[in-house]
Amino acid sequence: MSAAAGPKVAFFASPAFALPVLEALRAEFEVVLVVAQPDKPVGRGLKLTPPPVAARAAELGLPLAQPHKLRGNADFAAQLRDSGADVAVTCAYGKILPAGVLEIPRFGFLNTHTSLLPRYRGAAPIQWALIRGETVTGTTIMQTDEGMDTGPVLLQEELPIRPEWTSVELSAALSEQAAALIVRALRTLETLTPQPQDEAQATHAPLLVKEDGFVRWADPAQAVLDRFRGVAAWPQTTAFFGGKRLKLAGLTLGQGKGQPGKVLQVGAGGLTVACGEGAVCIATVQPEAKKAQPAQVWAQGQNVEQGARFDLWEPPQG
């Protein structure tokens, strides 16, 4: 299909995750407008930096808008209307779309969501699918309404989750899947039948907070490992030992059992720590304000031996 033969597309997105989707769209259709979040201060120098999608759009010479707000923004509404977009596609854009904007394109807005809706509605579906131990996830193409991922479903495709994947690898796989699926949806846009979501099956995937990365040693070892996989990109896995905060990496299932948080073994293969059921092996430890180091080196430097115990942390109740 030539770009001229398909619908004209406005693309609303910001992070690097959405770049394969942008490339797929511009290869198949005419992208008449890219809409991204405003530039933000980054790094120690707080240099204003465009989000990855905005930077790529500028490189490609695509029309670009970065409005600070959408609701009540007559100038932006006019820009979207004047672009001639037949349909708009959103992919991790990061802003709720008001009704006045949703109504502008002739075919409305389509959202690429990285879960099998209605499961894992919200900002962090990839991370929570891993934390909850899912073995299959996928991508949904849905019509956007004013709710949070509540619109009718147009297309879905499953993706098996490999046991070694963290949120980094799963994000990359879903990004490519989303790129292919949105092209398929746009090619057949006028023949797709929207299917309402089953509200009774809805689950939620809220934005992660730092505490989501804290190890719950009382959990089964598999749950500790699944949490590690889910928070690998951010906030990463954090544990406490003697009141001091540590970042943990290279977690795998270990051998043995004991009191949650108890060190079962210190060796060249890492640090084996008991969980509520089973144990995990930790390859790398990073103390606060220090470089990451092999767990055995850290243990020797801190005189951590078999029988020592990590601090227990539990999420506050209520």
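Yeah, the Cβs are placed from backbone N, Cα and C, and that goes for glycine too.
These numbers come from a predicted model, not from an experiment.
For SER115, LEU116, LEU117, PRO118, the entry in Swiss-Prot reads (6S)-5,6,7,8-tetrahydrofolate binding site. If you draw a 10 Å sphere around the CB of LEU116 ((6S)-5,6,7,8-tetrahydrofolate binding site), it holds 21 other CB atoms from the protein chains shown. A coil conformation is recorded for LEU116 ((6S)-5,6,7,8-tetrahydrofolate binding site) in the three-state DSSP classification, outside any helix or strand.
Listed in chain order, the extra residues whose Cβ falls within 8 Å of the Cβ center of the (6S)-5,6,7,8-tetrahydrofolate site residues SER115, LEU116, LEU117, PRO118 are HIS113, ARG119, TYR120, ARG121, PRO125, GLY138, THR140, ASP149, VAL153, GLN156, GLN197. The Cβ neighbour count for LEU117 ((6S)-5,6,7,8-tetrahydrofolate binding site), using a 10 Å radius over every protein chain in view, is 26. Under a cutoff of 8 A between CB atoms, and with a sequence separation of 6+ in the same chain, the neighbours of PRO118 ((6S)-5,6,7,8-tetrahydrofolate binding site) are ASP149, THR150, GLN197, ASP198, GLU199, GLN201, ALA202, THR203.
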